[in-house]
Amino acid sequence: MELAAGQCIRQGSIGVWKHISPKLAGIGYSSCMVCFYVALYYNVIIAWSLFYLGNSFQYPLPWEQCPIDVTTNDTVKECAGSSPTSYFWFRKALNITNSIQESGELNSIMTGCLLAAWTIVSLAMIKGIKSSAKVMYFSTVFPYVVLFIFLIRGLMLDGAIEGITYMFYPKLEIWANVQVWRQAATQVFFALGLGYGSVIAYSSYNPYHNNCHRDALMVSGINFMTSVLASLVVFVVLGFRAKNIALRCVANNLDLLSSSDGSDQHWWPWFNMSDPSSVSIAEYREWYGHYSSMAGSNITDCSLEEEMNKGIEGTGLAFIAFTEVMAFFPASPFWSTLFFLMLLNLGLSTMFGTMQGILTPLMDNFSFLGRHRTLLTVSSCALGALIGLLFTQRSGNYFVTMFDDYSATLPLVIVVIFETISVAWVYGTDRFLDDIEVMLKWRPPVVYKYLWKYVCLLAMVGLLAASLLRMVFKSPTYTAWNQSTASEMTLEYPGWALAMIVTLILLASLPVPIGYIHYTWKNRRVPNSLSSEGGGQEMHRELYTKCGSAEQPDSGAHQRLKEGPCLMVNENKMWILGEPVSETLQERDGKVEGGQS
């Protein structure tokens, strides 16, 4: 739907939804706000990748071992209580506070990395779509090469099979968890760029008769296969990590057993204590099932499945789990450099699409901004870097979590709901399919009509309602790092943070009702305005359908591919072949329909 809308109307998200339904023109502005939210915190992840990439050129890697406290000559307590990778992430990289209420000063190293990240994005975007496209050729292909390399290497690890088995083993009980469905929907939107406006922005550059239906199926299929490939790599690594933790647990418990008095009978004939490394997890668990009550409280169960169930999500997956596994690889700095180069490329390609979802609509709808592309790009990146300082203070990771969980999820679902309403119920699915038929020269299957009108809409409304109810009846929480216990704990957001969450959601959602109110108020003042829906809107649709390009002289619209005579509509003016025509649309309508244009 978004590919077809952008390609047909040849505008960014603001122009597309303004054309489809002036009443819901605010959808485009909401998409821009969501893109802005994502750009703010996503570039922080690129900054983290830059930091780890810089630290990868060391041997041994700085997160392979716990540091020594020079005052006591012992291992640093916080590191000994967790792990070298967790300590390096939370203390060396983030220098994190114990809660979101303790802001702390700016992290100077991360601030520098963030400024470097925004500089890279600005330089790549400054020349427009062509310059960013050249960069994306490499940034898109390179991650696939690295993923295949990591998959081949990962399959050689002990625990890889257990990880893959865990990945494909169904867990039906979690299907009832609304949070799982919300995260799944957000991931689909994020992976495909739906609701952000980036898909509309990029498709507006396509040739008018490009087969966008084929593109949609191809992109969805490639995205699915990419997700499977990435998931295989993740679970191979997690399986190796979980098995290592379980084996260390077995070794520690055997040490406790061997040092206890008179406990030889408890493990004989289960274990060969002369070679503790020969004891498997299954053998230990079988013994534990028989003698756990006699072994004492210090002896614990060692379950690989339990370690897999704990899991690691979010930033911890890349910066804790993967770094821990790569420390066991031969030539670990090489693997670390390769991995964080991949993360950097993935992050940059995502940022290019996100920024395009902001810049393209603004340049299309505001002529001044369109004529000063470089100024707009640099100013947007500078503003993002300034606001991004929120995420580089010591409590910044908690704000990244907040933005990721709330600022771009619920508003995104709301945007997609209104997009579907705009096309399926306001503009009409039949009219929309007519426009697609003109572009593709064949009509898409009728099943899309029912998917847009009922299935997708009801699913999104249900997801939104369930998410809102969950927020009302269960206070939002976040995971914090406690320095004294060297462990993570779940805390509730304070009142001011809850107010911030609500404000972020409202700021991204309000453009839709504000746009509707503005349109209604404007039409009451000028009841016969051409911008009103009905005949005028139908004329807009007809004229756009006949235009192979929406390039408008001196309008600030970004360059589109030209295909034959172009007719562009803007209020009561019309351009044909790039030249303004003095007659009104009503006077020219007969000539256009008669084919004289």
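Quick reminder: no glycine exception, Cβ is built from N, Cα and C everywhere.
Please treat TrEMBL annotations as automatic predictions, because they have not gone through curation.
Annotated features, as they stand in TrEMBL:
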type	residues	note
TRANSMEM	27-53	transmembrane segment
TRANSMEM	109-129	transmembrane segment
TRANSMEM	141-168	transmembrane segment
TRANSMEM	188-205	transmembrane segment
TRANSMEM	217-238	transmembrane segment
BINDING	Asn223, Leu346	Na(+) binding site
TRANSMEM	334-353	transmembrane segment
TRANSMEM	374-392	transmembrane segment
TRANSMEM	412-429	transmembrane segment
TRANSMEM	450-473	transmembrane segment
TRANSMEM	493-517	transmembrane segment
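Remark: the transmembrane segment (188-205) contacts the transmembrane segment (217-238), by the rule of 3 or more CB pairs under 8 A.
Counting other CB atoms no more than 10 Å from each candidate's CB, the binding-site residues Asn223, Leu346 peak at Leu346.
Two recorded stretches are said to be in contact when at least 3 C-beta pairs lie under 8 angstroms, sequence spacing 6 or more; the transmembrane segment (334-353) and the transmembrane segment (27-53) meet this definition.
Long-range contacts of the transmembrane segment (109-129) within the same chain, counting only residues at least 6 positions beyond its ends with a Cβ under 8 Å from a Cβ of the stretch, are 43-44, 46-48, 50-51, 93-94, 135, 202, 205, 348, 351-352, 355-356, 359, 373-374, 377-378, 381-382, 384-385, 388-389, 391-392, 396, 558-559. Most Cβ pairs under 8 Å with the transmembrane segment (374-392) belong to 27-53, among the candidate stretches 27-53, 141-168, 412-429, 450-473, 493-517. When Cβ-Cβ distances under 8 Å to the transmembrane segment (493-517) are tallied for each of 27-53, 217-238, 412-429, 450-473, the top count falls to 27-53.
Residues of the same chain lying 6 or more positions beyond the ends of the transmembrane segment (450-473) and with a Cβ under 8 Å from any Cβ of it are 1, 178-179, 181-182, 185, 409-410, 413-414, 416-417, 420-421, 423-425, 429.
Just going by CB pairs under 8 A, the stretch in 141-168, 217-238, 412-429 that sits most against the transmembrane segment (27-53) is 412-429.
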